[in-house]
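J.: Got a structure here, written out as structure tokens. Questions coming.
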Number of protein chains: 2
Amino acid sequence: MKLGIIGAGQLGQMMALAARPLGIDTAFLDPSAQACGGRVGELYCADYADPTGLQQLAEFADVISFEFENVPPAIVAELARSRPVYPPAEALATARDRWAEKTLFLSLGIETAPVAEVNDQASLVEAVRQIGLPAVLKTRTLGYDGKGQKVLRDAQDAADTFAELGGVPLILEGFIDFEFELSCIGVRDQNGACVFYPLIRNEHRQGILHRSQPMQDPRLQALAEQAVESVMSALNYVGTLAFEFFVHKGQLMANEIAPRVHNSGHWTIEGSRCSQFENHVRAVMNLPLGSTESVGPVAMYNVIGKRPETQALLAVPGLHWHDYGKSERPGRKIAHITVTAANDAQLAERCASVEALLINDL
Amino acid sequence: MKLGIIGAGQLGQMMALAARPLGIDTAFLDPSAQACGGRVGELYCADYADPTGLQQLAEFADVISFEFENVPPAIVAELARSRPVYPPAEALATARDRWAEKTLFLSLGIETAPVAEVNDQASLVEAVRQIGLPAVLKTRTLGYDGKGQKVLRDAQDAADTFAELGGVPLILEGFIDFEFELSCIGVRDQNGACVFYPLIRNEHRQGILHRSQPMQDPRLQALAEQAVESVMSALNYVGTLAFEFFVHKGQLMANEIAPRVHNSGHWTIEGSRCSQFENHVRAVMNLPLGSTESVGPVAMYNVIGKRPETQALLAVPGLHWHDYGKSERPGRKIAHITVTAANDAQLAERCASVEALLINDL
């Protein structure tokens with residue numbers, strides 16, 4: 001069986017590494033000849049909209065998937081005429097547009113921050129009047145890692161930020177003074193069966209994910225799974241999906257979905273019986289889903305911009321180093337570290353060693 | 001960093017899969033263009049003795065290793081003039097020759113079955129006189145999976161088998177009516193530090209490994225580690241080494257060593273913090289060794305000759321499928337299965353499901 005992946009970054013690479021033991025060959029379409037996925041599968045180097053590149057990928061693959069949500073939906077729809085494409089085009093179209101996303105959440109009864117569409121100065125004024133300040137102005141599409149969004153604290157902010165971000169469709173969201181952020185990762189197969197990983201508590205630094213760790217909270221777990229399942233079902237979803245929430249006064253407030261494997265689930269490679277990557281591959285290739293049962297205490301750190309000293313790092317017991325083979329550059333995710341241990345105290349100790357060694361360059 | 005591997009079968013492929021997250025690129029030398037390692041790294045397709053192929057590998061690699069012990073030692077010695085080669089040529093030379101191996105064991109005080117060199121009819125008669133019958137006549141080199149050896153029960157057997165195997169150097173070994181076989185896998189780094197995995201109990205079917213499972217026996221573990229460490233130290237070893245023993249009346253009797261990652265250690269991918277493959281790569285690339293701590297109950301089955309029905313197999317929870325991407329052929333190792341579970345009872349249940357699905361063709 002052969003899997004074609006649009007995008008050959010680290011997410012694509014980790015999908016291919018999970019596909020290999022299943023006996024599945026992988027090829028990628030990516031505009032960069034240096035894309036790291038090319039080290040573990042065939043790389044067709046072309047723009048995502050390039051007809052030749054798309055045709056090569058379609059000819060190679062039995063099934064096509066993608067590692068990021070900003071693939072133009074028209075391209076996905078075109079590919080889907082000749083090959084199964086999962087997740088489906090509709091999921092991509094929804095997830096890449098914050099307004100479509102929030103509208104879906106609200107239609108399914110999933111609570112979000114107050115939100116309004118902003119297309120011009122007049123609708124901004126109206127949105128601010130409705131929602132109040134502070135609030136967050138965000139581009140409807142192409143935002144990630146805190147990019148394409150800004151907190152508005154007063155009327156002057158609103159005017160300046162509109163001038164800065166304006167020209168593209170926006171939304172205004174009520175500012176939530178949340179206690180923390182978490183994500184819930186689910187996987188849906190082609191028969192509609194779903195599995196879920198434990199909730200993940202996420203810490204960000206300057207808008208970029210810094211640390212993720214699974215957590216136990218049966219009440220929130222049940223609420224989150226219900227939200228993920230209803231969204232996946234509404235989108236007729238197939239594959240792994242991540243849903244990010246704010247936790248505010250003990251309640252979940254939906255933030256956004258990512259229709260793909262997710263940075264906050266990288267610990268599942270070592271921490272779960274079957275990782276988010278393998279389960280994505282199983283789902284899109286129509287294989288039975290694997291167990292999301294936890295193996296033991298685990299935490300994940302992103303390595304941003306600069307590699308720590310490898311000799312010292314690899315000497316930390318229970319540490320798993322995942323180098324994406326990318327060059328160093330401030331703000332770039334170049335690797336991640338998974339820390340495993342026999343118990344929570346040992347995990348905390350090992351995490352302290354890792355934190356002392358990290359020299360992230362944001 | 002770049003690792004060159006002689007041989008691109010499943011062992012080489014699993015080394016490359018372990019090397020990738022460490023940021024290490026892999027290339028292989030293998031005479032077969034279909035060798036499965038070619039799916040996860042560059043494959044130089046040439047005979048192991050081909051000067052161009054060897055030069056390509058040496059030009060690619062910072063360090064060279066191998067996935068099997070039957071590489072002619074002269075080639076390893078030649079490669080070692082331009083690049084570090086681990087394990088060292090001496091370890092290969094010893095491990096590929098049963099007589100050199102037994103002589104080493106005995107010189108280190110490691111108990112073996114009674115053994116004698118057999119080079120002609122006269123020395124066979126003398127060996128039978130010394131050791132008695134039944135005994136096992138084995139070729140000194142190129143034996144594996146029960147090939148190149150035969151049990152002698154009487155004088156007629158001895159004459160017939162000598163005619164069959166003769167013409168190459170042989171050894172005669174006393175027949176041990178052992179209770180079971182086990183292996184101990186150790187890893188030695190470039191500073192001489194060693195780590196060991198738990199002892200592994202191995203079951204064979206028609207001479208081919210069928211099932212491996214780690215076991216706890218502190219007394220035998222200590223004896224085995226001592227033997228492995230003394231052999232690795234004597235050979236100035238770097239990398240992963242497997243030592244096979246017979247257990248006879250509660251004692252270890254040395255059988256043979258494999259100077260490489262070993263089939264009986266495949267479960268370490270999921271069952272140990274750091275697998276035999278990753279630790280081999282760490283050792284040869286001069287990185288700190290990883291923890292050999294166990295993660296939980298685990299067992300491994302070989303898939304021989306014929307694949308089981310994948311849909312049913314992947315539905316077994318906690319099951320890890322490792323397909324080598326090789327075509328089916330009787331007696332050929334084409335995949336392995338690792339079964340993981342939260343406790344021993346659950347493991348036994350899951351193993352029963354796997355055994356019911358296996359349709360091995362020996």
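The backbone N, Cα and C atoms fix where each Cβ goes, and this holds for glycine too.
In case it's useful when we look at the structure, here is the feature table from TrEMBL:
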BINDING   A:R98, A:K138, A:143-149, A:173-176, A:E181, A:H204, A:255-256  ATP binding site
DOMAIN    A:102-285  domain 'ATP-grasp'
J.: Around A:E173 (ATP binding site), how many other C-beta atoms are within 10 angstroms of its C-beta?
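T.: Result for A:E173 (ATP binding site): 22 neighbouring Cβ atoms inside 10 Å.
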J.: Between the binding-site residues A:R98, A:K147, where is the Cβ count within 10 Å the lowest?
T.: A:K147
J.: Specify the count of other C-beta atoms within 10 Å of the C-beta of A:N255 (ATP binding site).
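T.: Around A:N255 (ATP binding site), other Cβ atoms within 10 Å: 21.
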J.: If you run the three-state DSSP split on A:K147 (ATP binding site), which class comes out?
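T.: Note: A:K147 (ATP binding site) is coil by DSSP, not helix or strand.
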J.: Other than its own, how many Cβ atoms are within 10 Å of the Cβ belonging to A:I176 (ATP binding site)?
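T.: Around the Cβ of A:I176 (ATP binding site), 18 other Cβ atoms lie within 10 Å.
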J.: Mind looking up the mean pLDDT for the domain 'ATP-grasp' (A:102-285) in the predicted model?
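T.: That stretch averages a pLDDT of 94.
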J.: Going by DSSP, is A:I176 (ATP binding site) part of a helix, a strand, or coil?
T.: coil
